[in-house]
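Report on the following structure.
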Amino acid sequence: MLGVQRGECEDRPERAEPLSDAEMEIIQHTWGHVYKNCEDVGVSVLIRFFVNFPSAKQYFSQFQDMQDPEEMEKSSQLRQHARRVMNAINTVVENLQDPEKVSSVLALVGKAHAVKHKVEPIYFKIXSGVMLSVLSEDFPEFFTAEVQLVWTKLMAAVYWHVTGAYTEVGWLQVSSSAV
């Protein structure tokens, strides 16, 4: 399974690199354009994620056997999860000026995925990369090289917070063959 071991978050930097006010403004401006089509964008992200990384589907009993992207696109469960993902990102973006709120939201996401769903933390990093690709392809007029760098910084911070929650709940390192 991706050759990843549980505990992938143990090489975490001490803290996430903070966003400047200008970077927060860039994120909020570009997100406004994305969020107008949040469900469709979220569905595109999840479909590409599952097509390119089919091992991620193991965590979704409702659509883990779907192979066809068109079938995935019609799945109400996939659409529902896409909305949840996009709404979580929206909450982060809307609260960039409130680091405690961002930390709290991402801690809840991380703990749920670690404890309840047992999702390997590396999938957050992978999904972030997929999301950045989809956003830059679907919104090229807004996602310039500079904007992509700012969003990469945000996604790194999201990953840092989520993996912090994994560490907090005692995510243990085990052999990847045991996963």
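Quick reminder: no glycine exception, Cβ is built from N, Cα and C everywhere.
Features of the protein shown, as given by Swiss-Prot:
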- 18-167: domain 'Globin' (DOMAIN)
- H81, H113: heme b binding site (BINDING)
Tally of DSSP helical, extended and coil residues in the domain 'Globin' (18-167): 119 helix, 0 strand, 31 coil
Local confidence of the prediction over the domain 'Globin' (18-167), expressed as mean pLDDT: 95
